[in-house]
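A.B. asks: First the structure, then my questions, so here it is.
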């Protein structure tokens, strides 16, 4: 009976986590559509300090979608292991990228499509190999877990490292080193996920009629969550304001998810109950998602499609063989002459560099 209940909760958590990604990914599209609609009307844009978007129903729809996604994500932690829920957050990036190509005319290049495919495959592998049963079911069990020496040491180290980064490293290197603010968000995020997990259990017990509000741990977890989330939002916004979003997003995902998986392993010891092939599968799925997110973001401004692939291969072969295009080939087709001449100059430049000619520079 317990095993059946565990699988049932696992499925609920999985559905909630995936629904969260769909809602959050869609919220970016709705907000963007609303802002573009305002721009076409000539209203002052949000980036210029305008607040006309508050009168746009599409923007509000995006905000409500974001709220629904966060609620679903919060609820997912009450049913499924953090090892499963947190990495699936990458699907929101995937949903946003796919919907952008359909509704915002933001073309998804070949690298992006491969990245989306890898993210889906990695998520599937993680779902298959994730721990199936819930580790903690009551607040008393959660209290016992939080008092474990291993977690106490981990939490202490996280607080110390965060304070050093905030008060010592941040003022000196935060404006130039992208890892400073992102690391603050990520390591504190591991504690916030633990708080969400505990509060999710508290809510389940509250609906079951248990006196949760009289348990001091409930209020401790709530206050800790407020502090952690406020700090995360503050420093994530700083990172996004200073550095490129396409760089911040994948780095934040990798460090944040790694921190959560480490915290989950120490707090719930779920890895002790997993077979070796499931552990390997979980890590493989996580790494596959990382590669997919990297391809999706790092090369999103590169205009490269399957149609360009044969031409690129031909150029590589010609350059490798040292063969130059003939003038006859170039001018035989008027419409391709400009492209051919450019290719001739590129090939000549490459040959000159190989021969050590300074004129190529």
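From the backbone N, Cα and C atoms, a Cβ is placed for every residue, glycine too.
Below, the features straight out of TrEMBL:
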TRANSMEM  12-30  transmembrane segment
TRANSMEM  57-79  transmembrane segment
TRANSMEM  85-104  transmembrane segment
TRANSMEM  111-130  transmembrane segment
TRANSMEM  150-171  transmembrane segment
TRANSMEM  178-203  transmembrane segment
TRANSMEM  215-235  transmembrane segment
TRANSMEM  247-267  transmembrane segment
TRANSMEM  279-299  transmembrane segment
A.B. asks: Any contact between the transmembrane segment (150-171) and the transmembrane segment (85-104)? By contact I mean 3+ C-beta pairs closer than 8 Å, pairs at least 6 apart along the chain.
C.D. replies: no
A.B. asks: Using a Cβ distance cut-off of under 8 Å, indicate which of 12-30, 57-79, 178-203, 215-235 has the most pairs with the transmembrane segment (247-267).
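C.D. replies: Per the Cβ count, the answer is 178-203.
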A.B. asks: Any residues 6+ beyond the ends of the transmembrane segment (111-130) with a Cβ under 8 Å from its own?
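C.D. replies: Here the qualifying positions are 10, 14, 80-81, 83-84, 87-88, 90-91, 93-94, 97-98, 274, 277-282, 284-300, 302, 304.
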